[in-house]
Amino acid sequence: MIKLIIYFLLLSTALGIYSDADVFFCYDDVTDEELSEKIKVQPLDQYIFLIVSPLAFMCTMFITYSFIKYPNTRKMPGDIVFFISLSDAILCIHWFLTACYYTTFGENPLSSGPFCQINSMFSIFAGTGEVSYNVVFCIYIRLTLKNQFKVIPKLPIILHSLAWIAMITIPLLAKFTHNNGLSIFGTCSFKYHPGFPLAGIVLVFLYTLISLYTIWYFNKAIPDDEKYRQIKDTFAKYYYRYIKGSCIIWTCEAISFTIAGFNCSYFHEGFLLIFITIGNSAKLCTPVVLSILRYNDPTIKEQVKRLWRKVWRRDNVQSELLEDDANFYDNIHQNLKFDQVNTIIFGIRAVCKSDLQLDTEEFDHINILRRYTDFKFQNDSISNSDNIKLKTNYNLTTDDFIEEILYEIDNKGTQNEKAIDLKLLQSTLTVYAPTIFQKIRDKDKKMINHLKSFDLLANQEQIKQFKGPDGGKGGAFFFFTHDNKLIIKTLSDQELAVIRKNLIPYFLHLSENETIISPIYGIYKLFRQNVEESINVVVMRNAMQIPSMYRIRTYDIKGSEHSRQVLKKNKKASEVELKKITLKDIDFQNLEQQLHIPQQYRERLRKCLINDANFFSKIKLMDYSLLIIKMDWYTYSQNNSNIKEVEIPNYFSSDLQCIPCINAVERGIYYHIAIIDYLQEWNAQKIIEKHTKKAIHANIALDTSAQNPEDYAKRFIEKVAYVII
């Protein structure tokens with residue numbers, strides 16, 4: 001490359017292609033007319049623009065056309081590639097129009113004239129878009145690999161918004177600060193500023209760092225074994241080439257910009273004008289070379305191949321395109337997610353097996369370490385009498401509540417896992433307070449066999465059917481075991497801290513009271529080898545206990561009325577739709593009014609709700625919900641002859657968790673009842689949420705869902721315990 005530039009310099013000097021008279025002096029105070037005369041597009045540059053621009057435009061539009069015609073290619077990150085290609089197409093039009101103007105009029109347009117002003121705005125807009133979306137692609141890869149168990153709400157909208165904010169803001173800033181117009185390259189874009197000759201090199205350097213970090217993180221996040229080796233090779237083959245190509249081209253542009261800038265500011269040598277030609281050539285190489293490289297993008301490679309066959313060989317491949325599989329990055333995301341779920345289940349099963357003190361040969365490749373943390377209890381609700389009670393009644397000390405066991409899991413797997421190509425990820429599983437949660441599990445061991453529920457082979461169908469997080473606003477991950485007994489749910493670090501801080505009063509409340517709080521059976525943290533991020537998960541009882549196909553209604557009740565309606569007014573939902581959605585307080589009032597349960601359950605249930613609400617108020621928690629699920633046990637028993645109505649209570653630790661409906665028209669319907677989502681503290685976020693909603697609706701008395709723990713408990717008792725029960 002350097003030799004080629006030297007030969008070109010010598011040849012241009014010998015032929016007199018560039019002369020000192022063509023050099024523009026950046027510090028000269030000139031009018032627009034004089035600037036238009038002084039900055040010239042060299043004949044070689046004109047021909048390059050006129051000939052290469054249409055070719056480059058065709059390369060970019062081929063990709064752009066595939067995205068316009070076939071919607072399934074627009075899924076992220078394919079849409080990022082689309083906008084990069086679209087930006088390149090706009091730049092090609094910009095360069096072609098510049099060459100046409102100079103060829104037609106024999107001079108450059110006026111810097112402040114309408115043609116140059118409009119053309120420069122499009123140039124800056126598209127150039128910013130190209131760089132922004134390349135950076136957005138790196139951010140997307142980083143975020144999607146960071147955590148397979150949490151969805152960032154509206155991630156595509158956020159990433160596109162960041163890119164478009166830059167694409168709109170930078171051209172407007174250039175316009176308002178009078179920095180757009182005729183550049184020293186003879187095109188309409190940013191005016192050259194003598195104070196920033198190294199700006200291009202700095203930008204390329206930053207982009208290169210971001211890109212190399214993305215490659216490094218990808219290689220670190222993807223396991224280095226046979227299953228993922230092809231994935232890593234495919235990514236590396238494409239992305240290394242793309243980064244190398246873009247960095248070489250943009251470095252050429254940056255060096256050309258720098259030398260041309262120093263030349264017009266200090267050197268004033270005609271032969272150095274060759275770097276303007278090199279810079280313009282590099283600009284045109286961007287859409288040509290990078291478009292060719294993008295044809296190998298794993299996201300769109302197959303679509304482009306099929307489209308190419310359709311264009312050139314007239315093959316009918318439209319149906320093949322429409323039925324395309326998930327894109328490359330989706331497959332990576334799903335594979336990692338499945339393998340992490342398998343690893344978590346494997347680790348939890350090992351914990352459950354240790355509860356039973358059975359032979360652990362199945363887990364002989366797990367190294368178990370026991371430790372105590374310096375986690376301190378800062379909870380005013382814990383008294384000396386509680387500590388005495390723990391020791392006397394349960395043979396426990398506070399050390400049992402801060403104990404941790406580390407399960408070091410290798411990636412070899414047992415013969416059973418290998419037989420079904422099941423992959424475990426080399427990880428460390430931290431088990432919090434194992435003794436405490438073992439006691440809670442033992443309390444319900446007659447109704448739930450944890451070892452059976454977490455059988456890896458039996459859960460494979462559920463793992464394969466799992467699509468993604470399904471935890472409402474928080475985007476938490478939910479996994480239901482094959483027997484519908486248990487749920488694995490992700491926890492935020494804040495929720496993990498809440499349950500650990502309140503574990504002593506929580507344990508005592510569950511042990512000494514009749515309660516309908518959905519119990520926690522274990523808390524775990526998974527650390528993957530070589531990956532900085534961890535995953536917090538909690539195991540809880542599934543309120544349904546039988547397949548969801550027998551669910552009739554689901555209600556999430558908080559006692560609030562603001563924004564607590566799912567069904568639209570004057571629009572009747574079908575029975576099928578009602579089974580799929582979670583309804584809220586106002587929907588319950590409209591459809592049910594109250595629970596139709598036998599009188600002998602009513603007072604006990606009300607007392608339970610009051611006691612549980614006061615408990616949460618005492619430990620400063622709020623935002624919990626009463627989950628009410630109407631389940632069709634009659635149909636379930638008809639389809640399963642071994643199920644008898646008298647056996648239904650055996651599925652639950654308390655008869656208050658499954659109460660028969662006495663409505664005459666709802667034969668065999670039972671209410672499954674539990675308090676859920678109870679790990680939310682009254683913090684600054686909730687305070688802001690409360691007052692923001694009141695301000696938006698201009699109503700200081702607005703009954704928002706977010707209330708301080710005392711008011712929340714009071715409302716819950718008044719609106720739930722005494723109204724719907």
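Placed from the backbone N, Cα and C atoms, the Cβ positions cover glycine too.
Note that TrEMBL annotation is computational and uncurated.
Annotated features in TrEMBL:
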- 365-724: domain 'PIPK' (DOMAIN)
- 1-16: signal peptide (SIGNAL)
- 47-68: transmembrane segment (TRANSMEM)
- 80-104: transmembrane segment (TRANSMEM)
- 124-145: transmembrane segment (TRANSMEM)
- 157-176: transmembrane segment (TRANSMEM)
- 196-218: transmembrane segment (TRANSMEM)
- 239-259: transmembrane segment (TRANSMEM)
- 271-293: transmembrane segment (TRANSMEM)
Does the transmembrane segment (196-218) come close to the transmembrane segment (80-104), meaning at least 3 CB pairs under 8 Å for residues 6 or more apart? no
Residue list, the transmembrane segment (196-218) vs rest of chain: Cβ under 8 Å, 6 or more residues beyond ends. 131, 134-135, 138, 141-142, 145, 232, 235-236, 239-240, 243, 246-247, 250-251, 253-255, 257-258, 261-262, 265
Mind looking up the mean pLDDT for the domain 'PIPK' (365-724) in the predicted model? 85
